[in-house]
Amino acid sequence: MGSALETLCGQAFGAGQIEMLGVYLQRSWLILGASCVCMLPLYIYSTPILKLLGQREDIAELAGDFSIKIIPQMFSLAINFPTQKFLQAQVKVGILAWVGFVALITHIGLLFFFVRVLRWGTSGAAVAYDVSAWGVALAQVVYIVGWCKDGWRGLSLLAFKDLWPFVRLSVASAVMLCLEIWYFMTIIVMTGHLGDPVIAVGSLSICMNLNGWEGMLFIGINAAISVRVSNELGSSHPRAAKYSVYVTVAESLLIGLFSMAVVIAARNHFAVFFTDSVKMQKAVSDLAYLLGATMLLNSVQPVISGVAVGGGWQALVAYINLTCYYIIGLPLGFLLGYKANLGVQGIWIGMIMGTSLQTIVLCIIVWKTNWEEEVEQASERMRRWTANDDDEVRLIN
């Protein structure tokens with residue numbers, strides 16, 4: 001839900017309306033805070049929910065206890081994510097890297113202290129998680145209040161205005177992302193019901209780990225192109241927005257082709273870093289070509305999704321994800337995996353088909369986009385959501 005700020009803060013910064021960034025930030029805090037309250041029952045009653053889903057009782061009890069103890073961490077995300085987007089929109093990413101680095105070192109120390117020294121077990125891990133998460137959130141807020149005077153003008157009653165349009169954009173952003181994440185999670189669940197689930201899930205997990213490592217790079221590119229597109233649209237530079245998309249997609253595609261080539265060339269060797277089982281290594285090797293194809297797709301898909309966020313197309317992409325992933329990809333994977341007896345390869349082929357269709361549709365949309373009209377829509381959005389100076393009410397200087 002915090003990615004709504006990528007659209008609004010990015011376009012406002014590009015349009016020179018920097019004073020509105022703080023208002024958008026506060027609106028996002030309100031909406032995400034309310035969302036955390038709505039999600040509290042999932043954390044509090046996670047034990048009975050897991051038991052209802054068929055999870056083993058001891059695991060459900062342990063997970064439920066851990067879920068309750070990380071509730072403070074959930075609320076820290078309502079502060080953390082909006083502040084990240086606020087800073088990214090102004091290309092102030094260096095501070096995010098430093099805060100993240102210090103938080104990582106601190107988190108390791110806290111884990112050692114609470115888990116090993118105090119011997120609190122999973123409770124200690126939860127406490128370390130809570131402390132680290134709030135440390136990151138508060139550090140970012142302190143930086144914004146102290147060093148972002150142009151974007152932060154103090155608390156404002158304007159944060160309570162125009163909440164409903166903001167909610168709709170936030171929900172569309174959340175649905176777009178959740179549909180994508182749940183899609184890949186569902187693939188693993190489906191694989192767990194195959195004839196040899198240990199080998200099937202294990203081999204798929206190894207491949208997904210490698211895919212995730214590569215994906216971190218493209219998540220960064222996703223954030224960069226989202227900020228660039230939103231900034232250029234807000235600045236009324238349609239050609240710059242258009243060509244930044246083309247350059248970024250070409251760059252990402254080259255990285256994806258290289259990653260695919262490396263995986264295919266090393267298909268008989270890279271599994272030894274994850275398992276000693278010869279059978280598991282053979283299963284991973286059999287999936288290498290599908291992993292390579294997925295890496296190639298994932299070099300383009302996150303970039304196009306970043307363009308969509310920068311342009312404010314979240315609702316459209318949510319519908320595309322629903323159709324391509326859940327109406328086409330998952331059913332096709334089920335048929336190939338279970339009915340055609342292709343196993344994990346069939347399920348993965350269905351996933352690739354869904355992702356391919358989604359990527360093709362988004363590429364066509366980007367190719368046919370009238371960027372001059374996008375600039376006009378961004379300008380209209382800024383006019384509609386920007387308050388007059390007379391309306392601004394500051395509560396804290």
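Glycine residues also receive a Cβ, built from the backbone N, Cα and C atoms like all the rest.
Quick look at what TrEMBL lists:
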type     : residues : note
TRANSMEM : 28-45    : transmembrane segment
TRANSMEM : 95-115   : transmembrane segment
TRANSMEM : 127-146  : transmembrane segment
TRANSMEM : 166-185  : transmembrane segment
TRANSMEM : 197-225  : transmembrane segment
TRANSMEM : 245-266  : transmembrane segment
TRANSMEM : 287-310  : transmembrane segment
TRANSMEM : 316-336  : transmembrane segment
TRANSMEM : 348-367  : transmembrane segment
I'd like to know if the transmembrane segment (28-45) touches the transmembrane segment (348-367) in this structure, counting it as a touch only when three or more C-beta pairs sit under 8 Å and are separated by 6 or more positions. no
Counting Cβ pairs closer than 8 Å, which of 28-45, 95-115, 127-146, 287-310, 316-336 has the most of them with the transmembrane segment (197-225)? 287-310
Residues sitting near the transmembrane segment (287-310): Cβ under 8 Å, six or more positions beyond its termini, same chain? 3, 6-7, 10, 173, 176, 180, 203-204, 207, 210-211, 214-215, 218-219, 221-230, 233, 241, 245, 248-249, 252-253, 255-257, 259-261, 263-264, 267, 316-317, 344-345, 348-349, 351-352, 355-356, 358-359, 362-363, 366
Between the transmembrane segment (28-45) and the stretches 95-115, 166-185, 245-266, 316-336, the largest tally of CB pairs under 8 Å belongs to 166-185
